[in-house]
Structures are given as structure tokens and as C-alpha cells.
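Visitor: Sharing a structure below in C-alpha cells format, with a few things to ask.
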């Protein structure tokens, strides 16, 4: 590495550090969101209806137990069954909350409340009955425990296990059963917990295989195989998230709509293989021009879209012009490649689809004006005052420094070409 290269790297690192400092002082950094859909969320989402069905089954079983005991001994247990039925009310409420809230934190808390209510009801009923049923009750107490491991929030299973064990221990302490009954309680607890663990381990293993397969299929569906850039659907998805962040923290947000000029002529003259290499070359230049927070994607054919959070239209046009010159100056291809670029800045309340349409309209203007140029889209007539101007939060200087530093460190640039001037 020459001294000039080291100097370029130092300037690039200094600009990057300044970028992070300014972002830290002025606004929350906008980064391209990653897909944070974890396996825990996936398993809970896929199995939540089944888990709620387990809770409903436990509730029905509890009511059947009370009704059966009352029918077997009407004189002694009928009045007691009414008292034991009271915990069924919070159980029903917890079941409704768990079902309506989905697989979130409140649903997990509701499920634990269901277990606690079931525990209290069975302990109360067992103490009123007094004999004979202590052996089978702990196994019934642990039925709802089978759903807890799939929630996997870290504390669900230990909390549910503690609740499930507390009931039988309370029975042992309060009723003082015989040694045979104590052995039956411990054995039933062990069998129920072991069965719960083994069953859910197999279920989780099966779900994990499905999760990995779906993630792989999603990756294949979202990434263009030729350019290794996100496809249109993924760009829209990421664009909506970035736009929401931009509005929330008050940063500008711009879009570049890029199209390769005379691309059909490249295919007709040199073949589709050359056309594919041209698209790969353009994609590489786009990726090399991006910051970590930017998102680029292939929109189909020879069209690309770049999302630039924290960048107003003027700075976005500079980035686009620099990219246009870089591709035009590239000499390691059969012919000179050129691109046309449309630039649009988001205004408050504007959806990502409309921003991209305005950038596309600006691209058509660039095509109609002779191609190989950058055109900035006009603001919509009904536009509200846009997000904080980049100048007010120091972002313009930030982006200009980034452009200079990245151009100086550009390994794909033609030797001797100077960075763009402001």
C-alpha cells in the first residue's frame, strides 16, 4: 500500500468517525433494518392457536372434573364444587387475553396467570375432597405446562414449572398424605414434566427445521441472483421502515431511480451474457457508492433503486452524479456504459411508493433530455413542508465529506480522476 493509499484511508476513516459523531449528537442513526423475526417469534406465532387450544382443553377438563366429583358425591362435593369453580373465571379471562393478544408478552403473562389459577383451583378442590385423588391431580396440574417451552422468552418455562410444582408441594404440606400418596404425587410430577419436555423438544426441533427452510426460501425470493441485490418487494418493505424512522427522527430521505442507457443495444450487439455482466458491473458500482445505512435493489430489467436515509435531494444528486461518472469512466467493458438517474426527496406524509414514482418520473425526464444525466424530481404541488432540511442538522456537510472520502478511497475509480467538487 502506497503512502497515498494510506492517506486516503485515513481521510476515509476520519470522515466516517465524524459521521458517527454528528449522528450521535443530532439524530438517531438510520440503518437499513434487518429481518429480526427470530425463531422464538416464529414458533410462538405458528403454534399459538394450538397452545390456546391446550388452555381451552385444560379449562374444559377442570370444569368436567368439578362436575364429575359433584355427581359422584352430591351431598359432600356439590357445594364445594361451586367454590372450586371460582378459579375458572380468571382462567377464562386469561384464555381470552392470550387468544386476543397473539404471541406477545401480554399473552405469555396471561398464559402464566391461567396456570396459576388452575393450580389454585385444583389445590382448593383437592383439599375439599380430602382423599383418593391426590395421586392423579399433579399430572392434571401440569397439562398447561406443555405449551410453555415454545414461547421461549427465557422466563416462561421456569416460571410455569415453578407454578406447576408449587401446587403439589402445597398439597403435600397441607393434607399430609401417606407415604404411598407422596410417592404417587412425586412420580406423577416427574412423568408429567418429562413428557412435557420430550414432547416439546420434538415439536421445537420440527419447527426449527421449518423455520430455517422458510428463511432460506425467503432469502432466495428477496435477493436477485444475478446482482445479489434485494428485489422490488424487499426494497419496498425496507423503504417503508426507513421512511418511518426518517419521519420519526426528522431526517431527510431521498431515492435514486437508476436505468442503464441503451441496454437493449448491449444485449443485441454483444449477447445476453454481456448484458448480464453489465448489470453486475452497475450493481457493483452502486454497492461501492453506498453507506452502511443505504439500501439498493434491482427493480427489474436494467432498473435499480437506491434508498438514501439522512440525505436531501441535492446531496442525493451529488451521489448520483458521482455514480454516473464512475460508470461512464469505466473502460473495462466492450462499450462505454452510461446510466440515467432520477432523484426524489421524500416529503412528510408521502408513502414510499409515491416517492419512487416521482423518482421514476424524473428518470423519464433524464431519458427524454438525452440520457446519461441526473434529474431531480419536482416536489408535489400539495407537499407539506418537508422534514428538517439537511443544512439545519449538519447533514449536508456530513454527506459531502462522505462523498469526498469514499471517492478518494474508490478502488474502482479510473486512475487520475478527481473526486466531484461541490
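Even glycines carry a Cβ here, placed using N, Cα and C.
Heads up, here are the entries from TrEMBL:
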DOMAIN    251-379  domain 'GGDEF'
TRANSMEM  47-68  transmembrane segment
TRANSMEM  80-100  transmembrane segment
TRANSMEM  107-127  transmembrane segment
TRANSMEM  133-152  transmembrane segment
TRANSMEM  159-177  transmembrane segment
TRANSMEM  183-204  transmembrane segment
Visitor: Based on Cβ pairs under 8 Å, which of the stretches 47-68, 80-100, 107-127, 159-177 lies most in contact with the transmembrane segment (183-204)?
Guide: 159-177
Visitor: What residues in the same chain, six or more past the boundaries of the transmembrane segment (80-100), come closer than 8 Å to it by Cβ-Cβ distance?
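Guide: Residues 51-52, 55-56, 58-59, 62-63, 66-67, 69-70, 106-107, 110-111, 113-114, 117-118, 120-121, 124-125, 128-129 contact the transmembrane segment (80-100) from elsewhere in the chain.
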Visitor: Looking only at the domain 'GGDEF' (251-379), how are its residues distributed among DSSP helix, strand and coil?
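Guide: Within the domain 'GGDEF' (251-379) the tally stands at 60 helix, 31 strand, 38 coil.
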Visitor: If you average the pLDDT over the domain 'GGDEF' (251-379), what number do you get?
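Guide: In the predicted model, the domain 'GGDEF' (251-379) has a mean pLDDT of 89.
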